[in-house]
Amino acid sequence: MLTHLDSQGRANMVDVTEKAVTEREATAEARVRMLPQTLQMIVDGEHPKGDVFAVARIAGIQAAKKTSDLIPLCHPLMLTSVKVELSAEGQDAVRIVARCKLAGQTGVEMEALTAASVAALTIYDMCKAVDKGMVIEQVRLLEKLGGKSGHYKVEA
């Protein structure tokens, strides 16, 4: 059953008024594949626009806080923690892992996915002058804890 549709198939925001406040956490990831020399420039701190990882981390955190402004039926949430980790993966990729937490009545999956996605978009934006062929891929939910649907963890 799609919870964002009413009995007549119209979009609506889910009413969470009666839901219990519980601890909730979600972790999402994204990857940005790029030329090896682009990744090396980022890792060596030689990008002319500055620290790519630092800017992408801040962008991801900001995006998590703005998710309800971007995704029409998401509730505005009082996130208690947003962490965005970026790391070089192999010779040609950046892996982004975003983790969001709160004590609330609805989950934080969309906030984690938005944080990872916007961090990836920020890397693309900062590096597009030197590598227009970058690919953002593998945006996905890794784990979700709390709430009625319980624990979800992607299979390795």
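Cβ coordinates are placed from backbone N, Cα and C, and glycine is handled just like the others.
Annotation source Swiss-Prot lists substrate binding site at L73, C74, H75, M110, E111. Look at Swiss-Prot and you will find D125 tagged as active site.
Between the CA atoms of C74 (substrate binding site) and D125 (active site) there is a gap of 26 Å, rounded to the nearest whole number.
Rounded to a whole value, the Cα-Cα separation of L73 (substrate binding site) and D125 (active site) is 27 Å. For the recorded positions E111, D125, the greatest number of Cβ atoms within 10 Å around a candidate Cβ is found at E111.
The binding-site residues considered are L73, C74, M110; of these, L73 has the fewest other C-beta atoms within 10 angstroms of its C-beta. Annotated pair H75 (substrate binding site) and D125 (active site), C-alpha to C-alpha distance, rounded: 28 Å. Here the residue listed as 'active site' is positioned 21 angstrom away from E111 (substrate binding site), judged by their C-alpha atoms.
The two recorded residues M110 (substrate binding site) and the residue listed as 'active site' have their Cα atoms spaced 22 Å from each other. If you draw a 10 Å sphere around the CB of H75 (substrate binding site), it holds 15 other CB atoms from the protein chains shown.
Taking the mean position of the Cβ atoms of L73, C74, H75, M110, E111 as the substrate site, the remaining same-chain residues with a Cβ inside 8 Å of that point are T67, S68, I71, L77, T106.
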